[in-house]
Amino acid sequence: MADRLQHHAHRDPTVGVIPVPHGPETGAEHDHYPRGSPEHERAVLGYLTHPDDCYDDNGTYWADLPFAKRIAFVNRVQNDEAKRELKEIGTMMKADPLSPLSWYFRNAVLPGAGLGLEGYVLFSIGNLEPLFRAAWPQCWGKNATECRADWIAAVTYLEVIGIMVGQMVVGVIGDWVGRRWGLIQDAAIMFVGLLMITASWGLTLEGWVICYAWSLFFYGFGVGGEYPITATSSMENAVGAGKLSTRDDRLHRGRKVTMAFLMQGWGQLVNQAMLIILLLVFHHGDGNPPYGVTTVQWIWRVSFAIPAVGTLWLVYYRAYKMPHASRQLAEAKKKSNVTGYDVDSLRLACTHFGGRLLATAGTWFCNDVFFYGNKLFQAQFIAVISNNPNSVMTGWIWNLYNVIVSLVGYYLASILIDHKLYGRKMMQQVGFLMCFIMFIIPAFNYDYYTSPAGIKSFQAMYFLSSFFNQFGPNSVTFLIAGEVFPTPIRASAHGFSACIGKAGALLASVLYNYIDTQTKFYVVPWFGLAGMLLTWLFLPDTTGLDLKEQERRWAYIRSGRGDEYHGIAIHPTHLSLWERLRGVGKNYDPAADYKQKVEDMREEWTGKERLRREREAGGEPAGLEDLDAEEWNNEVHEYFKKTTDHGLWANEKSQTISSGSGSASGSGSNEALPSSSASVPKWDEKSGSNGTSQ
């Protein structure tokens, strides 16, 4: 064998780039091995089977490295990627100083525009309540005479219930009809809902409250749908071509989704600033009471009319500028021979991923109790430190500070959420723990921390709880509720988890009406502890694991061969403690997985090559954007062409290795997975041939 090797001259590799044969620029040419030999196979396919951001030079997965080497490897990859991105930013700025802003607009603002508008409107509803109480005490006050208390409470209840219904229904629609339809539908419903809210009226004050409450319910339906649809479309790159770039997916998927989600924080910031400006404009430059009824009418109606314009534009953008939003879902259904809702996938996901569903739904529930509990701090310290605690402006200004602190948490989460040494699971556990501490400390020394002597510490805990809520469970729950589940039911799982989460918000809004403030501080902290324990026991850590590999494992599960999968998706690092205790990771075997991965790639190549030839024979365009797998270079195509049985891909007649038929419901369908390598010509050491006529 050695005498047949052809060696090329080597040169120094580019700094920070790990040499990988036949991959992107390596700085070193590879040795030529005889075609079809194991060495030749590894040389050609190495950059696909062992990408340099996950495997070291010896082909060892980063999570299998000894602790010290693991830290060094991860930090090197992260640093190299940071340098590359900074270099790209510099290049962009040289060509156009504003180009980084346009990149951010395309990749963060547009995907998260719906959540930004949602954050604006929902935050506005809470901010306007003290203004309503000041203008209409006979309706919104504690001793109201014209409006029943249950209808005032129903404003919040119907809003939350509308969101819950939207999360469940649109989650199913997103998996059934498609992501694109869900995106357009949500924007349209939110636009109509905003018109209803802005124009809400009544012959009496209570009649107006009833109209206002039901308008919020309708708007809430659209808002609820934004959660599963925005999360899944951002994850699946709906704004672009709808194709996964696996390297980018591994290194930046969390950041991509979190940057869309943090637009919710920007919506809150813009809303609070807008309300302050409107109050000053319509109240003669003064933010202090009393507030006239006409002034309040102008403030709240204008504040809701402004986002209606942005929402109308969002309807247009999603309808005409996001044609590929459902592409990955369509490809997953095509592989499974499913045209409607994939009922089989839902059943299998509940069987195999029940613990994950408990983790995503349960932790979101705990987080929303905290999210609404954060307001408990504000009223207490404002009453102590403010010279005018009855002024609406005072509360709004403190809200503004809190939103800014929250935004810092959002952005820090987006930076560290993809770091393999910290990542999703650790971030969520630390966030829950810190929120627990921030609430439990004042709970058992309430009188001191609400007195002038301890109010500064109380105030600090308020801001810290906001920071760690965003730099923790609020950002992570939104991401993981979609990414730990397979594509066919991703939106449904996310919608269900979000719905259970909003049940926590509903619980908080109901419960807080019946207990005093100190009792609330006794109750709330334990949800943080429960969230941390649920995360530790049931949540897998998918940091650094690309969606394509998770879909590969899902293909084995769906074809009834889950035990035959040996890849990194069942590495102990990427499994929950519950899954490890159940023995899910016992089949992890890197050597066996390599062989499987090559055959899975061969099967994928065979199907695409056969389809290409069928299209060419029929006079149709080959559709290269569909047939060419991303990152597959010419040598990969040539390798499979020369080492695959010619009859498998040259004939137009369809041949599949695994059998099964599909239906509209997905019943009985199976993916085509390689059952053996019998079709692969073997390398003959004596003759130096792979047994394929060339």
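Glycine is no exception: its Cβ is also placed from the backbone N, Cα and C atoms.
Features of the protein shown, as given by TrEMBL:
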COMPBIAS  27-37  compositional bias 'Basic and acidic residues'
COMPBIAS  658-669  compositional bias 'Low complexity'
COMPBIAS  670-679  compositional bias 'Polar residues'
DOMAIN    107-543  domain 'Major facilitator superfamily (MFS) profile'
REGION    1-37  region 'Disordered'
REGION    643-694  region 'Disordered'
TRANSMEM  151-174  transmembrane segment
TRANSMEM  181-201  transmembrane segment
TRANSMEM  260-282  transmembrane segment
TRANSMEM  298-317  transmembrane segment
TRANSMEM  396-417  transmembrane segment
TRANSMEM  429-448  transmembrane segment
TRANSMEM  460-481  transmembrane segment
TRANSMEM  493-514  transmembrane segment
TRANSMEM  521-539  transmembrane segment
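Sequence-distant contacts of the transmembrane segment (460-481) (same chain, at least 6 residues past either end, Cβ-Cβ under 8 Å): 227, 231, 254, 257-258, 261-262, 265, 359-361, 363-364, 366-367, 370-371, 374, 377-378, 381, 401-402, 405-410, 412-414, 417, 424, 427-428, 430-432, 434-435, 438-439, 441-442, 449, 493-494, 497-498, 501, 531, 539, 542.
Counted over residue pairs 6 or more apart, the CB atoms of the transmembrane segment (429-448) and the transmembrane segment (521-539) come under 8 Å in at least three pairs, which marks the two as touching.
The list of residues near the transmembrane segment (260-282) in space but at least 6 beyond its ends in sequence, with Cβ under 8 angstroms from a Cβ of it, reads 108-109, 111-113, 115-121, 123-124, 127-128, 131, 230-231, 234, 295, 298-299, 302-303, 306, 392-393, 396-397, 399-400, 403-404, 406-407, 410-411, 413-414, 470, 475, 478-479.
Ranking 151-174, 298-317, 521-539 by CB pairs under 8 A with the transmembrane segment (181-201) puts 298-317 at the top. When Cβ-Cβ distances below 8 Å are used as the criterion, the transmembrane segment (151-174) is approached by residues 122, 125, 139-140, 144, 181-182, 185-186, 189, 206, 209-210, 212-214, 216-229, 232, 341, 491-496, 498-499, 502-503, 505-506, 509-510, 513 of the same chain, each at least six residues removed from its ends.
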